Amino acid sequence: MKVLWAALVVALLAGCWADVEPESPLEENLEPELEPKRELEQEVEPEAGWQAGQPWELALARFWDYLRWVQTLSDQVQEEVLSNQVTQELTTLMEETMKEIKAYRAELEEQLGPMASETQARVAKELQAAQARLRSDMEDVRTRLSQYRGEVQAMLGQSTEELRARFASHMRKLRKRVLRDAEDLQKRLAVYRAGVREGAERSVSTIRERLWPLLEQARTRHAKVDALATQPLRERVNALGQQLRGRLEEMGSRARSHLDEVREQMEEVQAKMEEQANQMRQQAEPFQARLKGWFEPLVEDMQRQWAVLVEKVQAAVGTSPTTPPVETK
């Protein structure tokens, strides 16, 4: 991983470093015989290649558009330059751009976990240098506007065509420098972001490669532990089931034996009761005969007395004799 980041930093240093080119004396001192109107009316060439996507790029695009409007040197621009409004607006846009660049850098640096600290410090230093160059260019624009404002105020009532021509030329150069350093910073941040993404992907891949065998081992070990833990439990359950089954069978056999004993005892009791009943019946028959012998004479005597009584009653009332009651046997 360290070798990868080292190669990435070398490529960044070799391919993206761009020093600010000093302006030539010829560009600093334009010949006064240049045609002022031609310089003022020359259209600003479009900046192909600049693509705004990140917040800092959008902020820089607003700075760029405002600077292009200032370069037109229209009457409104002249009024706002003299009132210091242009300088204030450029300062606001510049600070906003620097703030967005700083926030974007901080966001990328938070994602640099896999990068070595030495490599991270080197890359951060290069980004800081590119950011400083862009800030210097933007401050040069603001300084040049302040100088132009002072020169215009000093030449009130005089022709400022030559002054405006020089200012327009300087603004074109400054805009080119801003564009060049902005593109340089954009490339460095793109390489920085690509390195962060690649490092994160490699880290995830490395973690997956390292963790997958460990996960497989853990899964296999867990399966073995489950098997070992389940086997004794199953054997224990089977043993308990057999013990319970044996006890139930033993209790059932005991219950059946007890029922058989109870049944035998009941049969014995029943037999004894029948025997006793027969004995009592046999013993009662002589007693019954004896009682019958005792009461039959009394009954016959009572029947005779009843018949005599009835005859007397009939004779007294003069009715036919009534048949005496007959004992039903």
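Just so it is clear, glycine is given a Cβ too, placed from its N, Cα and C backbone atoms.
Taken from Swiss-Prot, the feature signal peptide applies to 1-18, supported by sequence analysis. Marked as repeat '2' by Swiss-Prot: 114-135. According to Swiss-Prot, the feature repeat '3' maps to 136-157. Annotated repeat '4' per Swiss-Prot: 158-179, in sequence order. Under the heading phosphoserine, Swiss-Prot lists SER159. Among the features that Swiss-Prot reports, heparin binding site is placed at LEU174, ARG175, LYS176, ARG177, GLY241, GLN242, GLN243, LEU244, ARG245, GLY246, ARG247, LEU248. Residues or ranges marked as repeat '6' in Swiss-Prot: 202-223. Annotation comment: Swiss-Prot describes 224-245 as repeat '7'. Here Swiss-Prot flags 246-267 as repeat '8'.
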Model confidence for the repeat '3' (136-157), as mean pLDDT, reads 84
Quick note, LEU174 (heparin binding site): same-chain residues at least 6 apart with CB under 8 Å of its CB -> ASP137, ASP140, VAL141, ARG144
Within the same chain, the residues at least 6 apart in sequence whose Cβ is under 8 angstroms from that of GLN243 (heparin binding site) are none
Residues in the repeat '3' (136-157) per DSSP class, helix first, strand next, coil last, are 19 helix, 0 strand, 3 coil
Neighbouring CB atoms within 10 angstroms of the CB of GLY241 (heparin binding site), all protein chains considered, total 10
Residues near LYS176 (heparin binding site) by Cβ (under 8 Å) yet at least 6 apart in sequence within the same chain, in sequence order, are none
DSSP assigns the residues of the repeat '8' (246-267) as 22 helix, 0 strand, 0 coil
